[in-house]
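Take a look at the structure below.
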Amino acid sequence: MNERLNCFTQTTMSSSTNNNTTSSFSSPRSYCRALSQLPMRLSHRATSVTTTYEEMSRVRARSGRDMARSLRWYDLVGLGLGGMVGAGVFVATGRAAKLYAGPAVIVSYAIAGLCALLSAFCYTEFAVDMPVAGGAFSYLRVTFGEFAAFLTGANLIMEYVFSNAAVARSFTAYFGTAIGVATSKWRITISGLPDGFNQVDLLAVAVIVIISFCICYSTKNSSVLNMALTVIHIVFILFIITMGFWRGNVANLTHPAHPETSPSGFFPYSIAGVFNGAAMVYLSYIGYDAVSTMAEEVKDPARDIPIGISGSVVLVTILYCLMAASMCMLLPYDAIDIESPFSGAFKGSDGWGWVSNVIAAGASFGILTSLLVAMLGQARYLCVIGRSGVIPAWLAQVHPQYATPVNASAFLGVITAILALFTDLDVLLNLISIGTLFVFYMVANALIYRRYYAPGTTSSSPYPTVYFLLSFSFFALCFTLLWRFLPPDASIARPLLLSVFGASAIACLCMFNHFVPQARKPEFWGVPLMPWIPAVSIFLNVFLLGSLDGPSYYRFGVFSIVVVLFYIFYSVHASYDAEENGGLVTKVGDVGVDDGGSMKV
């Protein structure tokens, strides 16, 4: 089979080469001619969609060799745990408890976990139906077209790169705490560089380089390494939970340290504080989407992917709720150290200061696992974007011996290392998170659109589904803006308006469910209770997007403009050339996809 597939790939590439009479980038004159045709090319390529069959066969063949199918459900659960349980929980928990939810941060984690699980269901259906490495990029490309997929995919890769650089620099701080060495001794200050970019962190670069070599060498070995690190990390987390329940006091769940200035009770900031806390801690769940990018390397996608993605989210939710409970029992919520809540709880305790070092060591292992999984995921995103023709195709190449996307892995590793070398953690943290939530929102919309509209059938029209998605998002946005900006002391107007828009969203959903039939059914695994689960996911992701600060939207807007310009001046012409030269329209012939998602001839 491999010989016939390689023959097919070489034939396709040879055909493209033979037809490649003119390139938009072959000369300044050719490029000017391409720019003069920009409106036509945009209208033709921006909304062009592929099919699942094309993504699974012809598009995947552009990488040369197939990625090795070596992962099972327990590998995916390990990758999900490793990707989510990182440094985020050690920072977000204290901030959410002290500033927003109080001891009810436990409920905040449960709500955030439910939201993550709903989004994970949407990812799972796509990944089972189309087990390729592109994740959200591929899902949006077969649903909304090339431009929507490129915009969201580029933002997601940017989020990965910046967050990985931030996580790598945070490893230096936690590792220094674990061994009792100040962070300043690990970093070199270079005078003359601006603040925020003058602290050179060689340890962070070393970590990124080592992980890059690992993921280039073998996906299965990377999974084994992740599993080992994750097991060690989980042991540390169980230690933290045990210490919290042993040394903690149940009275701290309802009594603050300073009752004269801080409200009492399990819900000191009411239900509003719980949801605000959920918005903050939700970022601790980001990472499960990277598991979907491993779908192309899973032995039995229909069985392993649902268990791997959903199982990891459920386990992480349980661990997070237990960690939050142990922290709130150790200290009253108004006495929690925001920057280091878990280790800070033991610093002032006689004879227990060593626990802070143990917690820092556990966080260090968590950082390594989350960094490993994130770098695996980002390389596969970039690999599949390279297959689409909108960026240079060499980024899509799979190594003939190691069966990994080595070019994409090395390229992103270099960029991440450069950022981690100079850029301060605070600068990086201001640039992450919004893109990921935006992609989750888009995937939930894409799932509904794909279920209720089947192109090429006379009985299916896209307009009812499009109108529903726009209307539902509008009601969710209005609800979110009112929740955030309407003063809480507006005792009558606030609950009334929130009820109006909440009820409008539910009514819109009920009407759509009643009058619009599903156009297709999933063959292997589907999200239950359609369209309720993805609709709730849309609503919650809009709500969480509304909780982010202004700089996040500024970053998102600036970077999106850069992406649009790149698409206009390069990507649309590259993909148009590929189509004109046969690279995007050649018949696949007798190459197909079997039930397990693997190629057959």
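Using N, Cα and C of the backbone, Cβ positions are placed for all residues, glycine too.
Here TrEMBL flags 525-575 as domain 'Cationic amino acid transporter C-terminal'.
Long-range contacts of the transmembrane segment (73-92) within the same chain, counting only residues at least 6 positions beyond its ends with a Cβ under 8 Å from a Cβ of the stretch, are 167, 170, 174, 220, 223, 226-227, 229-230, 233-234, 237, 280-281, 283-288, 290-291, 294, 298, 303-305, 307-309, 311-313, 315-316, 319-320, 323, 339-342, 359, 363, 366-367, 369-374, 376-377. Look at TrEMBL and you will find 73-92 (among others) tagged as transmembrane segment.
Residues or ranges marked as transmembrane segment by TrEMBL: 138-158 (among others). If one looks beyond the transmembrane segment (138-158) by at least 6 residues along the same chain, the residues whose Cβ comes under 8 Å of a Cβ in the stretch are 45-52, 55, 123, 126, 130, 132, 378, 381-382, 384-385, 388, 390, 412, 431, 435-436, 438-439, 442-443, 446-447, 449-450, 556, 559-560, 563-564, 566-567, 571, 575.
Positions annotated as transmembrane segment by TrEMBL: 170-188 (among others).
Look at TrEMBL and you will find 200-217 (among others) tagged as transmembrane segment.
Look at TrEMBL and you will find 224-246 (among others) tagged as transmembrane segment.
Annotation comment: TrEMBL describes 266-288 (among others) as transmembrane segment.
Look at TrEMBL and you will find 309-333 (among others) tagged as transmembrane segment. Here the transmembrane segment (309-333) has long-range neighbours at 73, 76-77, 79-81, 83-85, 89, 93-94, 97-98, 102-103, 105-106, 108-110, 112-114, 116-117, 120-121, 123-124, 127, 234, 237, 240-245, 247-250, 252-253, 255-257, 262, 268, 281, 284-285, 288, 291-292, 341-342, 345-346, meaning same-chain residues at least 6 beyond its ends whose C-beta is under 8 angstroms from one of its own.
The feature transmembrane segment is assigned by TrEMBL to 353-377 (among others).
Residues or ranges marked as transmembrane segment in TrEMBL: 402-422 (among others).
What TrEMBL records for 428-447 (among others) is transmembrane segment.
Here the transmembrane segment (467-486) has long-range neighbours at 272, 275, 445, 448-449, 493-494, 497-498, 501-502, 504-505, 508-509, 512, 516, 535, 538-539, 542-543, 545-547, meaning same-chain residues at least 6 beyond its ends whose C-beta is under 8 angstroms from one of its own. Annotation comment: TrEMBL describes 467-486 (among others) as transmembrane segment.
Long-range contacts of the transmembrane segment (492-512) within its own chain (CB-CB distance under 8 A, at least 6 residues past either end) are made by residues 464-465, 468, 471-472, 475-476, 478-479, 482-483, 486, 531-532, 535, 539. Taken from TrEMBL, the feature transmembrane segment covers 492-512 (among others).
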DSSP-assigned states of the domain 'Cationic amino acid transporter C-terminal' (525-575) in counts, ordered helix, strand, coil: 40 helix, 0 strand, 11 coil
Positions on the same chain near the transmembrane segment (353-377), where near means CB under 8 A and six or more residues out: 79-90, 135, 160, 163-164, 167-168, 170-171, 174-175, 177-180, 207-208, 211-212, 214-215, 219, 222, 225-226, 229-230, 232-233, 235-237, 239-240, 243, 287, 289-291, 293-294, 340, 342-344, 346-347, 409, 412-413, 416
Find the average pLDDT over the domain 'Cationic amino acid transporter C-terminal' (525-575) in the predicted model and report it. 87
